[in-house]
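Colleague: If you look up TrEMBL, you'll see 1-20, 325-347 marked as region 'Disordered'. Here TrEMBL flags 3-183 as region 'Large ATPase domain (RuvB-L)'. Annotation source TrEMBL lists ATP binding site at 22, 23, 64, 67, 68, 69, 130, 131, 132, 173, 183, 220. Summarising the annotation, TrEMBL assigns Mg(2+) binding site to 68. Residues or ranges marked as region 'Small ATPAse domain (RuvB-S)' in TrEMBL: 184-254. The region 'Head domain (RuvB-H)' annotation in TrEMBL covers 257-347. The DNA binding site annotation in TrEMBL covers 312, 317. According to TrEMBL, the feature compositional bias 'Basic and acidic residues' maps to 336-347.
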Ligand SMILES: Nc1ncnc2c1ncn2[C@@H]1O[C@H](COP(=O)(O)OP(=O)(O)OP(=O)(O)O)[C@@H](O)[C@H]1O
Ligand SMILES: [Mg+2]
């Protein structure tokens, strides 16, 4: 039986409500990702001036960095409608038909987790992306015939946490590829301040910075830390989020001073204590922690890699000195290996 996918920073039902309430509506409200936003602004302006639909766009990057946000902002900017679906919901070509036939001229079709779309659906969508047409096969065997149907000119927006899993032909059919990066502390602090105002919650600038430092470079994490801190401030204090309140709230949520949460620490502890700091494969780690390996590689590892808690080698994941100090441990003294042809620095 497949192991249940535990989402650490991904959206649950409650989180989805929060996401929707706090999601920027226009490009100018999007904080950070300036280069991406500027390129999109130009593409939108061109599309309006040339009276052509926006070229297909692929967004990739770890969860919670704003892929869905950009996909929902663009139709607002273009003044067109948006339809949303996701790769796993499209089991067969017929599942795409209602979306394709509902298209309006210039409207946006957003396919989330597009890397999980089956190959038959992918092949079905190619002519739709290239020539705004689909080929439908009617009948079977000798009497089968293909009819071609013309579609309204539309924009496909795809989002993926795994652009490497997308086939080459699919990737090539997107005109723009935008990779979303982790956010700086200052950008996350702005997000915390803006969203606290949306939630009618007073927050000090020091508190916003504290939340930002402890949000794994991720707006969705910043939002959920803000929600928790807001509840904590209302229940235990007078409702204002000060730096002290933010610290106490995050300590209580077991988010450490670097922003690592329980799953991050579990990961690092397992890698260090059980596997001697690695190298070890992600499957082995996943089995020991009892999380799906996708959860590890999509949600936990990108931040740990970016912040150099771990590194990837051909033989697996390796703990870096920062991982040891995060857990209050001393890194091992490197020992020369007998088969180490390059010799040791200590010889
Ligand atoms: N650039 C941004 N400025 C302000 N808020 C943002 C930004 N990016 C994301 N957010 C906030 O973070 C939340 C999560 O972002 P979003 O749902 O777009 O992430 P995602 O990349 O689609 O994640 P997933 O891979 O899990 O689908 C949004 O609801 C929004 O409130
Ligand atoms: Mg999303």
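Quick reminder: no glycine exception, Cβ is built from N, Cα and C everywhere.
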Colleague: Tally the residues of the region 'Head domain (RuvB-H)' (257-347) by DSSP class, grouping H, G and I as helix, E and B as strand, and everything else as coil.
Modeller: 41 helix, 9 strand, 41 coil
Colleague: Kindly report the helix/strand/coil residue split of the region 'Small ATPAse domain (RuvB-S)' (184-254) according to DSSP, in that order.
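Modeller: Each residue of the region 'Small ATPAse domain (RuvB-S)' (184-254) counted once, the result is 51 helix, 2 strand, 18 coil.
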Colleague: For ligand 2, list the binding-site residues among 22, 68, 130, 183, 312 whose CB atom is within a distance below 6 Å of it, in sequence order.
Modeller: 68
Colleague: List the same-chain residues at least 6 positions away in sequence whose Cβ sits under 8 Å from the Cβ of residue 183 (ATP binding site), in sequence order, or say none.
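Modeller: In sequence order, the residues whose Cβ lies under 8 Å from that of residue 183 (ATP binding site) (at least 6 apart) are 31, 32, 33, 65, 191, 217, 218, 219, 222.
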Colleague: If you pair up every Cα among 22, 23, 64, 67, 68, 69, 130, 131, 132, 173, 183, 220, the residues annotated as binding ATP, what's the maximum separation in angstrom, rounded to an integer?
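Modeller: Max span of the ATP binding residues, Cα based, is 37 Å.
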Colleague: Between 0 and 100, where does the mean pLDDT of the region 'Small ATPAse domain (RuvB-S)' (184-254) sit?
Modeller: 97
Colleague: Near ligand 1, which of the binding-site residues show up if the criterion is a Cβ under 6 Å from one of its atoms? Options: 64, 68, 132.
Modeller: 64, 68
